[in-house]
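Taken from Swiss-Prot, the feature ATP binding site covers Arg81, Pro82, Arg83, Ser84, Gly85, Leu86, Gly87, Ser88, Ser89, Gly90, Ala91.
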Amino acid sequence: MKIRVHATIANFGPGFDVFGVGIGEPYDELSFRESSEWEIRVKGHDVPADVRNTAVVAARALAEMAGEEVALRMKLRKGIRPRSGLGSSGASSLAGALAMARVLGVEDERLILRAAMEGERAASGSAHGDNVVPAYYGDFTILESYEPLRVRRIPVDFDVVAVLPAVEIPTSEARRVLPPKIPLKDAVRNIALASSLVLALKENDLKAVGRLLDDRIALPYRKRLMPWYDRARKAALEAGAYGFSVSGSGPAVFAVGGDVAQIGKAVAEAFEGFGIEVDVYVTKAGRGALWF
């Protein structure tokens, strides 16, 4: 059996640690079978090929939650680069949790997602869900609460281009630059942006969605780690993008609206001005985990 779990765009503009959406590319693929001992083989991007792998961590977590003693032999094709801002650890975590769920016959979505979040805890120190949740559903997702786990979803299907520069921004560093408090006016603005963005998505108004891809909570501070951000955004908008923002904590960025292939080329050229190579993914939003 094989499962494909796609990349995700966490935050999606103003939804810091709350919004997310699944996209078609890049993706991880995991094949697996029940075994007497744990084993994982990895092809593609460099991640641990042992029990530290988030796919193994999440699979073991689900088995423990279900009160079962089961091991898996897994083969992971790691297509999402680690530390990309595209939900790499979340994709592998969800793949592992789904694999164990299939073996055990577990259908409880909350249990599966909680197990996947344990993989995220192993990777980042925090059992966050803003990547594994949209990776599971594919929809635009809103993490309403963790205790209890509540998720709101809006089905989406629109073109998006994600551009991944050949640089790394450690999540710990991206968190460190955030202030403990933000000005009230910025909080008010983000509430307006986030609530309007949800309505625009429900109305399928992509131009409004693009206009609302702004953020006053994290982006102003994280831009210090991304000296190329403003030039890349300018290139995207001049090429016809409706909106542009950073994916997760970066370094990946994304744009919606217009000719996303041409927008991707324009953004790539902006990065070239900084001597930075990129991978460009012209894809679709609204892609969740798939069995095949």
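Even glycines carry a Cβ here, placed using N, Cα and C.
Worth saying up front: this structure is predicted, and the values here are computed from it rather than measured.
Each of Ala7, Ile80, Asn131, Gly248 belongs to the same chain as Arg81, Pro82, Arg83, Ser84, Gly85, Leu86, Gly87, Ser88, Ser89, Gly90, Ala91, is absent from that list, and has a C-beta within 8 angstroms of the C-beta centroid marking the ATP site. Residues within less than 8 Å, Cβ to Cβ, of Arg81 (ATP binding site) and separated from it by at least 6 positions along the same chain comprise Pro26, His45, Ser88, Leu164, Asp279. For Gly87 (ATP binding site), the number of other Cβ atoms no farther than 10 Å from its own Cβ, over all displayed protein chains, is 31.
On its own chain, Gly85 (ATP binding site) has Ala10, Leu164, Ile169, Val246, Ser247, Gly248, Ser249, Gly250, Pro251, Ala252 as residues at least 6 apart in sequence with a Cβ closer than 8 Å to its own Cβ. The least crowded of the binding-site residues Arg83, Ser89, Ala91, judged by other CB atoms within 10 A of its own CB, is Arg83.
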